[in-house]
Amino acid sequence: MCKSLRYCFSHCLYLAMTRLEEVNREVNMHSSVRYLGYLARINLLVAICLGLYVRWEKTANSLILVIFILGLFVLGIASILYYYFSMEAASLSLSNLWFGFLLGLLCFLDNSSFKNDVKEESTKYLLLTSIVLRILCSLVERISGYVRHRPTLLTTVEFLELVGFAIASTTMLVEKSLSVILLVVALAMLIIDLRMKSFLAIPNLVIFTVLLFFSSLETPKNPIAFACFFICLITDPFLDIYFSGLSVTERWKPFLYRGRICRRLSVVFAGMIELTFFILSAFKLRDTHLWYFVIPGFSIFGIFWMICHIIFLLTLWGFHTKLNDCHKVYFTHRTDYSSLDRIMASKGMRHFCLISEQLVFFSLLATAILGAVSWQPTNGIFLSMFLIVLPLESMAHGLFHELGNCLGGTSVGYAIVIPTNFCSPDGQPTLLPPEHVQELNLRSTGMLNAIQRFFAYHMIETYGCDYSTSGLSFDTLHSKLKAFLELRTVDGPRHDTYILYYSGHTHGTGEWALAGGDTLRLDTLIEWWREKNGSFCSRLIIVLDSENSTPWVKEVRKINDQYIAVQGAELIKTVDIEEADPPQLGDFTKDWVEYNCNSSNNICWTEKGRTVKAVYGVSKRWSDYTLHLPTGSDVAKHWMLHFPRITYPLVHLANWLCGLNLFWICKTCFRCLKRLKMSWFLPTVLDTGQGFKLVKS
């Protein structure tokens with residue numbers, strides 16, 4: 001007995017000590033990474049101090065000594081605020097501002113007369129060491145998972161260091177100082193572009209780096225110091241392109257959730273930047289050396305640029321108008337689990353963004369052409385403005401590109417509930433006994449509430465929820481379904497998904513039992529769908545809570561030319577009443593809606609003993625379905641709705657771009673593999689891409 005107790009005690013002690021060692025190892029690793037960051041910062045501080053000391057020693061400029069001593073004094077105050085008053089934010093802000101300012105001084109003070117000095121060489125090596133340590137620290141932090149990514153455009157550290165660097169540039173002449181300040185703004189735009197993972201962020205980074213070699217940009221006298229400043233700021237957003245796990249709307253949250261006035265002002269600000277760039281480009285007309293090339297080129301491409309950027313600004317304005325509508329819904333239903341993603345999808349934002357992506361691409365193309373035609377290698381202000389405009393338009397293109405790819409399509413739903421549970425031998429509904437009326441009414445009301453909750457949760461536009469105790473005639477149902485199947489979005493195109501829900505009596509073959517002895521076959525419903533859908537690539541999802549839904553599930557698998565799915569239920573008829581209640585209509589709806597509207601549900605469709613099982617089937621081409629891409633007519637309608645008539649000639653160019661399909665071979669192979677998977681290995685859970693899933697037991 002004592003041996004057993006001793007063994008248990010020693011085993012528990014061993015486990016505790018092992019866990020303590022693991023925790024200590026994790027803490028030590030985290031501390032090591034932090035110390036590596038401190039080392040990089042201290043190394044940079046030593047390099048700055050040594051560099052400023054060399055400049056004071058060689059030039060005997062007393063102002064450098066004053067600034068140097070003041071800088072050390074400020075850093076001392078920052079340390080006191082941090083360690084003695086626990087004012088971390090104020091301390092770090094002050095130190096970052098001065099780091100940027102002192103590093104800027106190190107960049108812009110002339111060192112041509114003592115480039116080969118030993119202390120100057122030591123400063124360069126210290127700066128290079130700081131670059132290596134900074135990159136290593138950022139990389140290890142991300143590999144070890146110690147970085148918690150938060151949605152932001154510019155961090156406080158980046159902003160303050162950029163401001164400090166810009167202030168340091170005021171030691172130069174006004175024109176040179178303005179060029180550097182604009183270059184700092186361009187660097188800030190590039191950082192935001194990288195952090196947002198814009199589609200063209202990497203090409204922008206390459207262009208920015210290449211253009212820094214132009215002496216007209218007044219890049220500093222000390223290129224090593226400027227490289228240190230540039231790389232230390234770029235490292236984090238560049239690495240986050242791979243390591244950041246934020247979704248599209250999370251990354252763009254500081255912009256998408258901004259107030260209406262701020263977002264409108266951002267469009268005005270963008271327009272002012274574009275106009276300034278155009279005016280600076282026009283300075284090229286003063287070059288009389290190549291007037292025969294410059295004047296015609298600027299006239300032609302300048303007009304093209306103006307038309308494209310009128311469209312660009314109108315597109316941004318229209319985007320914010322639609323986003324304001326989404327905000328109204330979002331703030332009205334904040335307690336109803338509604339996210340901005342689903343609201344934007346339901347408002348047709350995806351279709352708008354796909355068209356806008358092409359239009360903004362024209363703006364980028366026009367800017368690149370105008371920049372090439374009016375290239376001014378000796379004008380630093382022009383080059384800095386060019387580097388500001390490129391990331392600005394790249395961010396707009398990236399926003400539309402990513403929203404167009406990640407947002408779900410529009411959807412509309414229609415529900416029919418016919419509460420009947422008792423039928424005559426010929427299959428027609430009969431009157432219910434009085435004792436069952438209240439129970440059936442409660443169950444039918446529960447089904448209606450559940451399906452309405454489903455529509456509201458997934459932001460599905462509701463055409464109607466019909467509840468009829470006497471049944472629907474064939475003509476009435478035909479007219480209602482006809483109106484439902486021809487519904488369109490506010491912008492004009494058809495909805496991407498049409499969801500039809502039915503709960504009521506069915507025959508053994510799956511046909512819906514209607515009033516007056518009529519029935520509705522699946523073939524008839526498919527013919528109505530073909531008539532209304534035409535060549536458009538919408539899809540139809542039929543949800544059945546009935547006793548005989550399996551025949552429709554099997555029959556839909558034979559359809560070749562449409563995107564149709566049937567989600568049905570199987571009610572187990574042989575149930576031990578002592579163990580469980582017999583299944584009834586409405587039980588499947590309750591479970592299916594809970595499964596799709598509550599992420600923390602405990603519903604398992606494959607568990608044994610379920611009295612209500614799920615089954616679904618899809619048409620043969622279901623896996624080929626993609627959300628509707630803008631056609632030529634869609635682009636033309638969008639153009640007529642949002643843009644002036646003078647811009648209509650660009651419709652043909654937009655249509656041509658829509659028609660490009662450069663990867664058709666890869667897409668064909670991928671489509672065949674998906675068809676094979678859906679026909680042979682039908683998944684237990686099928687994501688529809690609209691936020692809800694089809695399931696089978």
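For all residues, glycine too, the Cβ spot is worked out from N, Cα and C.
Comparing Asn111, Asn548 with the features listed in Swiss-Prot, the residue bearing the annotation N-linked glycosylation site is Asn111. Asn533 (N-linked glycosylation site) sits 32 Å from Asn598 (N-linked glycosylation site), counting Cα to Cα. Cβ atoms under 8 Å from those of the transmembrane segment (63-83) belong to residues 45, 49, 52-53, 55-56, 90-92, 94-95, 98, 101-102, 105, 109 of the same chain, restricted to positions at least 6 beyond its ends. Look at Asn598 (N-linked glycosylation site): DSSP puts it in coil. Highest Cβ contact count with the transmembrane segment (172-192) among the listed stretches 36-56, 89-109, 265-285, 352-372, 380-400 falls to 380-400 (criterion: pairs under 8 Å). Counting other CB atoms no more than 10 Å from each candidate's CB, the glycosylation sites Asn533, Asn598 peak at Asn533. Below 8 A, the CB atoms of the transmembrane segment (223-243) and the transmembrane segment (89-109) form 3+ pairs separated by six or more positions in the chain. Under the three-state DSSP scheme, Asn533 (N-linked glycosylation site) falls in the helix class.
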